[in-house]
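Copied over from TrEMBL:
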TRANSMEM  24-41  transmembrane segment
DOMAIN    28-436  domain 'Major facilitator superfamily (MFS) profile'
TRANSMEM  61-78  transmembrane segment
TRANSMEM  94-113  transmembrane segment
TRANSMEM  119-140  transmembrane segment
TRANSMEM  152-175  transmembrane segment
TRANSMEM  187-209  transmembrane segment
TRANSMEM  254-275  transmembrane segment
TRANSMEM  287-309  transmembrane segment
TRANSMEM  321-340  transmembrane segment
TRANSMEM  346-368  transmembrane segment
TRANSMEM  375-399  transmembrane segment
TRANSMEM  411-431  transmembrane segment
Amino acid sequence: MNESTTPGPKTAPGDIPSSLYRRVAWRLLPIISICYAVAILDRVNISFAALKMSTDIHLSAAAYGLGAGIFFIAYCLLEMPSNIILARIGAKAWITRIMVSWGIVMIATGFIQDTTQFYIARVLLGVAEAGFYPGLVFFLGQWFPQKRLAQALSLMVIAGPAASIFVGPLSGWILAAFANTGGLAGWRWLFILQGIPAIVLGVVFFFAVANSPAKAPWLTDGEKAVLTAAIDPSGPQHTPPFAQLRDAFSNPKAWAAGFVLGTTYLGIYAVTFWVPTILASAGIKDVTAIGYLAAIPWVLAVAATILLGRYADRHQRPGRALVASLVVAAAGLILSVSFGNSLAPVLAGLSIAAALFTAAGPVLWVIARGHLKGAAGAAAAIALVNSFASLGSFAGPYLMGLVKDLTGSTVPALIAIAVIALAGAGVALLLTARRAHPAGQELAEAAGAEL
């Protein structure tokens with residue numbers, strides 16, 4: 001019979017030994033973070049492939065921006081059904097399916113021949129990957145209680161900027177080292193070589209994780225009980241899929257959270273997909289040098305995400321952290337366009353913006369999770385938040401490309417994104433402020449926000 005010295009199931013989450021949560025974190029977060037890093041790698045390698053691919057398949061700046069962003073339209077449309085399926089069959093099987101299928105699509109992208117095939121490949125990648133990120137958010141919410149979730153999400157999300165640190169140098173090296181190998185251009189090898197890890201890791205994920213504490217063979221019965229009680233004290237709930245969709249769409253807080261998250265995605269992907277081109281416009285011509293310089297924003301993003309997550313968990317003030325991060329990110333974008341094409345302020349401003357947009361995401365999810373109660377409906381509501389936000393992921397790169405084609409510069413687009421980020425900060429302030437209105441009070445208390 002399993003025995004445990006951990007507290008009984010009625011113990012408050014704050015009284016559960018930190019050593020137990022550390023053990024859970026060490027068991028789950030490494031594989032989750034690596035999988036998330038590969039997802040980011042496979043999303044953004046196109047920004048480096050475009051340096052050579054655009055000429056080979058005759059892509060205009062607007063066509064590139066549309067192709068980069070159209071991924072998120074397919075991703076957005078299928079996220080809610082994907083997450084409902086995930087909640088029903090479990091994260092292990094569904095995330096494995098997601099990763100294997102997107103790896104196959106990524107490899108196939110290495111063989112596209114024209115703009116139409118480029119669009120098709122990007123749409124298929126969005127279809128394959130739909131539900132991955134909100135699925136991981138839902139999955140971690142099955143393991144970590146509200147007050148510990150910000151840091152867990154931050155540790156996962158920093159894998160994104162960490163991957164972006166390496167995607168530049170790695171992509172630059174592949175473009176140069178594999179050029180014309182086997183008769184294929186370097187950018188084709190970029191897609192092929194970076195698609196393989198997704199397939200391998202998808203299989204590893206299936207065998208490495210359990211869907212919930214109750215199903216983890218490496219926990220004692222006592223540990224399973226106390227972790228389950230801390231996360232969902234009311235016990236399991238079962239809501240029909242249509243009711244989940246109805247509840248999600250009728251929740252104004254989900255839409256508000258989606259708008260705020262969308263402003264972060266707008267900024268992140270505008271920078272991600274266009275920083276190599278912006279650096280080239282600033283006078284950097286060597287693709288390897290561009291790769292190393294493009295890594296700098298994401299070094300700062302790793303540090304900012306860790307620090308902001310710790311602040312939000314320690315002080316229980318995610319609202320303050322979220323609003324401040326969006327305001328500073330907007331200031332970074334303004335800095336990047338204030339001194340022409342001078343490399344130092346351009347890189348500094350984009351680095352600040354990328355860092356704070358990235359760090360804001362996990363904090364927003366803590367606030368959102370506080371208002372999307374009920375395990376059965378949470379998967380659909382989380383997917384709605386991320387689906388709505390993904391419109392920003394589409395708009396960012398497309399807006400940059402469209403404006404560049406029309407004006408010859410990305411400056412107007414960056415200014416517009418800064419203004420939208422400030423609007424996001426305003427909505428975040430309303431979303432997290434303590435109000436006399438009961439709903440507002442409940443919202444702030446659920447999020448642990450104190451502005």
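Every residue gets a Cβ built from N, Cα and C, even glycine.
Within the same chain, the transmembrane segment (24-41) packs against the transmembrane segment (119-140): three or more Cβ pairs sit under 8 Å, each pair at least 6 residues apart. Contacts between the transmembrane segment (94-113) and the transmembrane segment (61-78): absent, as fewer than 3 C-beta pairs lie under 8 angstroms at sequence separation of six or more. Here the transmembrane segment (411-431) sits against the transmembrane segment (254-275); at least 3 CB pairs are under 8 Å, leaving out pairs fewer than 6 apart in sequence. A contact between the transmembrane segment (287-309) and the transmembrane segment (346-368) is present, since 3 or more of their C-beta pairs, 6 or more residues apart, lie under 8 Å. Contact check: the transmembrane segment (152-175) against the transmembrane segment (61-78) gives fewer than three Cβ pairs closer than 8 Å, residues 6 or more apart, which falls short of the contact criterion. Averaged over the domain 'Major facilitator superfamily (MFS) profile' (28-436), the predicted model reaches a pLDDT of 82. Taking Cβ pairs closer than 8 Å, the transmembrane segment (187-209) reaches residues 28, 31-32, 34-35, 38-39, 41-42, 45, 48-53, 56, 91-93, 95-100, 102-107, 109-111, 139, 171, 174-175, 178, 181 in its own chain, all 6 or more past its ends.
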